[in-house]
Amino acid sequence: MDTFSYRDAELFAEGVALSRIAERFGTPTYVYSRAHIEAQYRAYADALAGMPHLVCFAVKANSNLGVLNVLARLGAGFDIVSRGELERVLAAGGDPAKVVFSGVGKTRDDMRRALEVGVHCFNVESGEELERLQRVAAELGVKAPVSLRVNPDVDAQTHPYISTGLKENKFGIAIDEAEAVYARAAELDHLEVIGVDCHIGSQLTQLEPFLDALERLLGLVDRLAGKGIGIRHLDLGGGLGVRYRDEQPPLAGDYIRAIRERLHGRDLTLVFEPGRSIVANAGVLLTRVEYLKHTEHKDFAIVDAAMNDLIRPALYQAWMDVQAVRPRDAAPRRYDLVGPICETGDFLAKDRDLALAEGDLLAVRSAGAYGFVMSSNYNTRGRAAEVLVDGEQTHEVRRRETVQELYAGESLLPQ
């Protein structure tokens with residue numbers, strides 16, 4: 001479903017004109033659709049109906065409290081990688097018993113806080129982490145539920161920066177070492193083994209890597225059962241891709257159906273950690289044209305959003321669709337859309353055919369995931385506002401940063 005559509009030659013988010021949002025909240029502004037978020041979550045939950053499951057939204061994709069609250073109200077779980085993300089989930093009304101704690105660098109404080117609030121499990125990524133968790137749990141006099149993140153050595157066929165399931169990646173425990181680590185976990189009196197986890201990458205557009213990883217994990221589950229180590233849940237992580245341009249990723253329902261067909265009656269709770277597929281196409285970055293600059297070699301549309309607001313094009317060479325909020329009936333020109341940051345790499349899109357004038361509003365599509373969460377204050381620029389649209393209602397779920405807030409935590413040297 002696409003909740004961003006044109007009505008009377010103007011782009012709307014659900015029932016609200018984007019021009020109205022720009023007038024009220026300014027630009028640049030991230031705009032999210034509640035209806036899209038809910039529909040994408042339900043696509044997972046509905047496909048898993050009739051079997052024990054947990055759909056844990058990957059907070060790293062979009063950690064805004066308003067977005068998290070929408071998902072918490074639906075009964076979602078959450079996949080976190082830091083104490084900060086845990087506190088966000090709690091503040092948004094999330095159930096800690098539905099939280100899985102991933103990440104390669106959990107500190108002792110991270111572990112203590114997660115044990116205090118009672119997370120569902122820790123996705124342990126190394127033998128060293130396992131031993132630390134045992135010590136922290138012993139200090140608190142509790143048992144820590146653990147699932148080992150296993151690296152199945154599967155090529156996710158995605159951008160190398162977001163491929164996480166190969167031997168050379170920093171994530172997880174190599175599958176040929178996993179049985180020994182599980183045996184050690186079973187010996188430790190303050191740990192309880194409950195599952196196996198993997199996450200092979202992000203923005204996957206084919207089922208084959210997922211199914212390859214699944215077969216390897218099921219083989220591991222069977223071998224562990226033969227050694228008396230029971231696995232109760234199978235966490236297949238996230239990674240399902242979305243359409244940015246012309247990709248044709250599988251639908252969540254087709255993906256889950258293929259997984260269920262291969263379980264062959266095993267009594268396992270299925271856990272998924274979707275992020276991008278829930279929120280990417282639920283959001284746009286709304287920006288305004290400041291200048292049109294024409295040179296001998298290039299035409300530039302200089303907009304008020306920049307790489308500090310949306311770094312995906314510069315960092316990943318990601319293609320983002322750009323639409324005029326009010327398209328002009330004029331001959332287009334080919335523009336690079338660039339921001340005010342003092343780097344050549346500050347661009348949102350290149351070689352786009354658009355009919356533009358100074359002051360026009362543009363919507364950078366598919367910006368709901370890894371957009372605001374990766375933003376910065378580079379060039380001492382305040383981060384954008386965030387607005388959540390619900391039907392014909394708009395809610396400012398994060399106000400724009402002021403200049404004074406950018407240095408509020410700093411101080412001068414004493415005289």
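Counting starts with 1 at the first residue shown.
Cβ atoms here come from the backbone N, Cα and C positions, even for glycine.
Site annotation (Swiss-Prot, ligand pyridoxal 5'-phosphate) includes GLY239, GLU273, PRO274, GLY275, ARG276; from TYR182, TYR335, TYR370, the additional listed residue is TYR370. Nearest Cα neighbour of ARG312 (substrate binding site) among the listed recorded positions (GLY239, GLY275, ARG276, CYS342, TYR370): TYR370. Of the recorded residues, LYS60 (N6-(pyridoxal phosphate)lysine) and GLY275 (pyridoxal 5'-phosphate binding site) place their C-alpha atoms 7 Å from one another.
DSSP assigns PRO274 (pyridoxal 5'-phosphate binding site) to coil in the three-state reduction, placing it in neither a helix nor a strand. CYS342 (active site, proton donor) falls within neither a helix nor a strand when secondary structure is assigned with DSSP, and so counts as coil. Cβ-based neighbour count (10 Å, all protein chains) for TYR370 (pyridoxal 5'-phosphate binding site) stands at 24. Around the Cβ of PRO274 (pyridoxal 5'-phosphate binding site), the number of neighbouring Cβ atoms within 10 Å comes to 24.
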